[in-house]
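K.L.:
Please find one structure pasted underneath; my questions will follow.
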Amino acid sequence: MIHFLSHILVQLQALVAPLSFGKGFDSAALLSIVWNPDKVAFTVFGHPIVWYAIMWVVGIALSYLVVMWLYKDQRLPDEKFDPLFIYCFVGILLGARLGHCLFYERAYFMANPLEMFLPMKHLADGSWKFTGYAGLASHGGTLGLMIALWFYVRKYKVNLMRVLDNIAIATPITACFIRLGNLMNSEIVGKPTDSALGFIFVQNHENFARHPGQLYEALFYLLLFPIGLWLYKCYKTKVGTGYFFGWVLTCIFAFRFFVEFLKEVQEPWELSMVEAIGLNQGQMLSIPFVVLGLYCWLGGKYCKKLGEQPTQKKL
């Protein structure tokens, strides 16, 4: 694992291509970071392995290890941990995909429903092109995860809020790597900026700097992760189940709400929404999660303590 991460770090050092200034670049570009990474990390038997996929795998693997540690710390049975990540993976992937299709490109995918589930695009000439799942929404992924965990606790007779707490504590590290994957793809970009923190996304055929919204989110989630672990170590026997789930949900989506002011809309139709109410789709979708998070966070002290032994009857 250490060798693998070292390889990634070495590759990352070579990702930012040298800047070649010419006509069209203003003086503000001199203070910006030119971002032009190769999306492909390496190939396996001729098949490209992209950085985005690697970031997903690393993020999920780290979450797996964190939740495994939490299960052992709470003396929960291994047989109930093993199937947990199957439910999580399916719920996140399916929810994120359907969330993007229904929240952002509903008209297109209603006309092309097969493309919701297939990693392919139907071309005008009747052929199909492999694209991967080039559209995943974090709000849909979160909702899909919660639905999947509901099925999980019904089957394995465990406390839903206890499971949500454990998954939530590990979530920021996964979210961090997913946003780094978005950065590697030069997607979900921010608004233009004169700041030295700006990135020039060369692959988007631009010669001006933008806020690296993906990086802002990644750094916030990276900070949130150790804070969550510290809170767990200090307060696991002092707060009720649902407390950590609510805290993480509130922090992530409250930050998402505010950072959206620095980001471009993901779809053109959102411009009319911003003009009408001053908020985009991502911000509107974040509000219910913040409300739910606050409810669980503030109500956690009235629930069963996370550090206590679970009962099999309570769901």
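Residue 1 is the first one shown; counting continues down the chain.
Just so it is clear, glycine is given a Cβ too, placed from its N, Cα and C backbone atoms.
Heads up, TrEMBL stuff is auto-annotated, nobody curated it.
Note that the structure is a prediction, hence the values are computed from the model and not measured.
So TrEMBL has the following annotated:
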type	residues	note
TRANSMEM	49-72	transmembrane segment
TRANSMEM	84-110	transmembrane segment
TRANSMEM	130-151	transmembrane segment
TRANSMEM	163-181	transmembrane segment
TRANSMEM	218-235	transmembrane segment
TRANSMEM	242-259	transmembrane segment
TRANSMEM	279-298	transmembrane segment
K.L.:
With the transmembrane segment (279-298) as the reference, which stretch in 49-72, 218-235, 242-259 has the largest tally of C-beta pairs below 8 Å?
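P.N.:
Comparing 49-72, 218-235, 242-259 against the transmembrane segment (279-298), the winner is 242-259.
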K.L.:
At a Cβ cut-off of 8 Å, and with pairs 6 or more apart in sequence only, do we get at least 3 pairs between the transmembrane segment (49-72) and the transmembrane segment (242-259), yes or no?
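P.N.:
Between the transmembrane segment (49-72) and the transmembrane segment (242-259), contact is absent.
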K.L.:
Need a quick answer: max count of Cβ pairs under 8 Å to the transmembrane segment (242-259), which of 84-110, 163-181, 218-235 is it?
P.N.:
163-181
K.L.:
Any residues 6+ beyond the ends of the transmembrane segment (84-110) with a Cβ under 8 Å from its own?
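P.N.:
Same-chain contacts beyond the flanks: 60, 64, 67, 116-117, 133, 135-149, 151-152, 163, 167, 266-267, 281, 285.
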K.L.:
Which sequence-distant residues neighbour the transmembrane segment (163-181)? Criterion: at least 6 residues beyond either end, Cβ under 8 Å.
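P.N.:
Contacts of the transmembrane segment (163-181) (Cβ under 8 Å, skipping residues fewer than 6 from its ends): 51-56, 58-60, 62-64, 66-67, 70-71, 74, 84, 88, 138, 145-146, 149, 152-153, 188, 214-215, 217-219, 221-222, 224-225, 228-229, 232, 241-245, 247-249, 252, 296, 306.
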